[in-house]
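Shown next, in structure tokens, is the structure this report addresses.
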Amino acid sequence: MLISKKTLGVLIPDIFSFSNDQIAQKLEQMGIEVESIKQFNSPDYLQLAKVVSIQPHPHDNKLFICELQIDKNKFINVVSNANNINNPDNINKFVIVAKKGTELLNGLIVKTQNIKGIISEGILCSYIDINPFSRQIIEKTEVADAIIIDHVSNDHDWNQYLSFLSLDDVIFDVKTPTNRADLHSLIFLAKELGVLLKTKTFLKQKSSVVNHDFFKFPLNLKNKLKANYFGGLFLRQINQHSSPWTVKGLLINQMIKPVNYYVDKANLVTVFTAQPIHCHDADRIVGNIELKQATHNETFVGLDDKQYEIEPGDIVVCDEKGIIALVGIIGSKRTMVQPTTTNIFFEVVNCNSETIKQTAKRFLINNFASKFMVKPISLLATDNCLNYLQNSLLTTDNIGKISHFSSSLKVEPFSKKLTVNFHKIRQLIGIEKKELTDQTIKKSLSQLGFKVDNQLLKIPSYRQDINTWQDISEEIVKLIDINKLKPIGITSSFNFEKSSYFNTFNALTKLRKKLQTLGFHNVITYQLTDQKSAKTFNLFNLENFITIKNPVSQNHSVMRVSLIDSLLKVLKTNNNYKNELVNIFEFSFIKTQNNSELHLAVLWVEKLFTSSFNPMQGISNDVFTMKGLAKLIVANLGFSCDFEPLDDSDYFVNNQSLKIVVFNEQIGFIGLIKESLLNNYDLNNKPIYCLEINLDRMLSSLNRIEKNYLGYSKLQPVCKDLTFSFTNPASHFDQFANMIKRITGIESWKLISVFETMQNNQLITKYTVRYFLKNDANKPLTNQTIELITNNLKLQCEKLKIKLDI
């Protein structure tokens, strides 16, 4: 979930007086996990400019010469091909200009240019020029449009353009607790956050327009599903236009695609209330409108131009011609709001979330609406939605154009009652009465929306997570901050002993951080799986599986004996939801009836250290880099490893897989997964390398390692670097490794870099090796000896047709 600080500022006006870290701390205190805080980095030399004149280019009818005022007495000419610039109404409006010397985020450096005989001293910026990462969210028609700003105050600093695009915003990327669907609503979230920040909140939005003049809702709606609510508002005789860039920017910041003025308003209302709204062109609706469950198979075309196969049981909204919306998922193309639309029906539904969840899962959809509708939505959230929508539409231009609600919604403010004992709450928290009085508890709960009558507590209707008095204790802890509670030691009749040799937890923590630094993402998956999956990727040939008696489902009936299958299912799920695939790893115990051992598994899917500006950059996944990764993991635990061939594997491609061996004992595998297996996970479109290691055998050996310490040599170590590539594609790095071991005078070597580069229009993989020469105190190295060793190494490389970078 993305939280915009500027959007939150509508409900908590003082939010900008708090630092981002303070807000993040309070969100964490609420039980919300803050994953990242994002701010926009603006390029230098961008500023607002006033359009003075627009003239056609004398030599190209697709270009226009714009005279711009960039300061009180400074003017420049800019040649532009923006689709929307040639309009007399743009005179005296403002644009954003990138002046000479600007380096845009897409890598473009702006220079003064002669464009067909006219000097251009900059470029008019489109939104993509300033924020290239939003390309997938912007309408295609706006990609080539210049940003036009209607009005800028006389005292505004023209160098400060970010606020007009809402790029001065801060975005908190968060995860809400699974039992707090209400926190998807910014209104409910702001209520709690305001209490923790000890500042005022304004949760009821009211229009400044006094004369409402609402008309009777004109459509005939039938709630055949008997849903909690089915209805909405009607807006008539409107003129369609785009939203201002301040609104578009807010939506883009939260990964919502701007559409037009009224649809954007509805989407912002959804952000505030967590109640999705479908917008329909009312003139395209035929006859009565029904909310119902589909009774037979049928198809309809959605807003995204895709055909959807509706099955019996799916919840749909229909008119007399057919389906106009798949509830909580997507509207139909037939009734979508278009530039010519003059009458809009804003449809709001509150119904069974479980059915919508199953439908969304079948269609592999995880869009803006379904994220909210797959969880229960309180009636209070629906009521907030209707009121926010009506007030947001209520402008002086729309007086007499907005209907009453189609039907009234009766909302009970409180859903249940609990009897609480304040003394028990203090005991559970571990705090004295003088530190937390009864009055303080009552005041705190009242601020959070609870109604307190002595020890009888009324629970707000949107708080479905509150069921026992212990849940109330959790609410109190949030307010007093759990970090401020004094720790109380655990009384025990025995002492915990800490190993003086090694701390396994620290070793694994260090290894986890190392993998995360390299760009791998830590995941946690289920221990239980089905019979078929349990036998897939049984790399260690384990037997005596643990089976569950009376399992919840057959999909969770057996304890897994490998982590690879679980990780591939993670990639499959993300791939189905069109999420970008990343490299992942997991630590987990593999349990059988005989044993329990700690394993580490890694899936390498994409290049490491890539750049969005240079896709060629990065380290590719191949068997050589997998060997390096395996060595790094084993070395992190204080061991070294060797590799042995793996023949006729059921899981890996031949010549692309190896056994990992430590002290002549096989501890794991690396390899390229066979495409036939990846077909089962819908992942056969790219190579996936995997690694699985039994860490238990190494960890149990750590305390019995004997170490020999050698004194430092008085002689300075001698090392040299060598960069090379293979001229023969069939060559292997192992050929170089075997050769360099045989060179007299070379004590050791290590691979320090692998990179790809273009050479003669061909992608070449290059390797850089650092080798160390023996420098014996009895026979120190001379320049002549070093040269002999180096020349011998070069000669051996030539024999193997290894091309050196000299």
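Quick reminder: no glycine exception, Cβ is built from N, Cα and C everywhere.
Annotation source Swiss-Prot lists Mg(2+) binding site at D465, D471, E474, E475. Residues annotated as domain 'tRNA-binding' in Swiss-Prot: 40-153. Annotation source Swiss-Prot lists domain 'B5' at 413-487.
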Q. Taking the centroid of the Cβ atoms of D465, D471, E474, E475 as the Mg(2+) site, which other residues of that chain lie with their Cβ within 8 Å of it, listed in sequence order?
A. R463, I466, Q470, I472, S473
Q | Conformational class of E474 (Mg(2+) binding site) under the three-state DSSP mapping | A | helix
Q: Using Cβ-Cβ distances, find the residues under 8 Å from E474 (Mg(2+) binding site) that belong to the same chain and are at least 6 apart in sequence, listing them in sequence order.
A: none
Q) In this structure, which of the binding-site residues D465, D471, E475 has the fewest other Cβ atoms within 10 Å of its Cβ? A) D471
Q: Across the whole of the domain 'tRNA-binding' (40-153), what does the mean pLDDT come to? Round it, please.
A: 87
Q. Using DSSP and three states only, what is D465 (Mg(2+) binding site)?
A. coil
